[in-house]
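Asker: Copying in the features that TrEMBL gives for the protein in this structure:
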type	residues	note
COMPBIAS	238-256	compositional bias 'Low complexity'
DOMAIN	4-236	domain 'Alanine racemase N-terminal'
MOD_RES	31	N6-(pyridoxal phosphate)lysine
REGION	236-268	region 'Disordered'
Ligand SMILES: *Cc1c(COP(=O)(O)O)cnc(C)c1O
């Protein structure tokens, strides 16, 4: 089935990179897929999922929780926000997100911090929001991320997250720019990760790699691969408005070896 194939693929990538597979988190991205798919994967032992849009996530989480609460001993789910966060959605995200992978500006940090503090006060959450600072490898800010060519800005934002109440800096995140060689992109990201790491005594993670490029990301130190298509199959593209412009694979889902028939297999 798709999950076993994906785990084997990640294991192979780790071995090829001379790394241990268990130091790389496999985060399934369930955007555009229904709560029922989350419940199936949860039943297979997966307890963390990534979403990219606040409204879709909130609705899905509520539905998943309604179904989980009737089960006994259901392990709690950790939800990761991997998409860009509009500032007016920060408060809502801070109520459900275990981690946020795409934080890239100071105003968002302030809004997330306020939301997290409130959620902690109300007991809606019990731990800080784990934050990855997103860096942009080509400086195209429309696609998100702090320009990697401006290290001082990266440092300032990381420090802002580190100092913010209710937030915890856990690492960097990056996505290869369109038409870039993935190896080159992740090598650049790894260099920035190493540079930023020098300023912190706790180990920083690296959220990098998706269905089409996880091998290159693992080779360059990824500690969390965010995989949608290779696990769940192509996303239903209903309207261009709901397509998150992150990578070619999210605009035109590729039919890769790993994703062939995966949608049927994992529900079988
Ligand atoms: C959709 C998405 C993914 C998963 O992409 P696939 O190519 O389907 O694996 C990973 N990261 C982010 C930020 C996404 O929006």
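In case you wondered, yes, glycine gets a Cβ from its N, Cα and C as well.
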Asker: Any idea what the model's mean pLDDT is for the domain 'Alanine racemase N-terminal' (4-236)?
Answerer: 96
Asker: Does DSSP put residue 31 (N6-(pyridoxal phosphate)lysine) in a helix, in a strand, or in coil?
Answerer: coil
Asker: Including all protein chains displayed, how many Cβ atoms other than that of the residue listed as 'N6-(pyridoxal phosphate)lysine' lie within 10 Å of its Cβ?
Answerer: 20
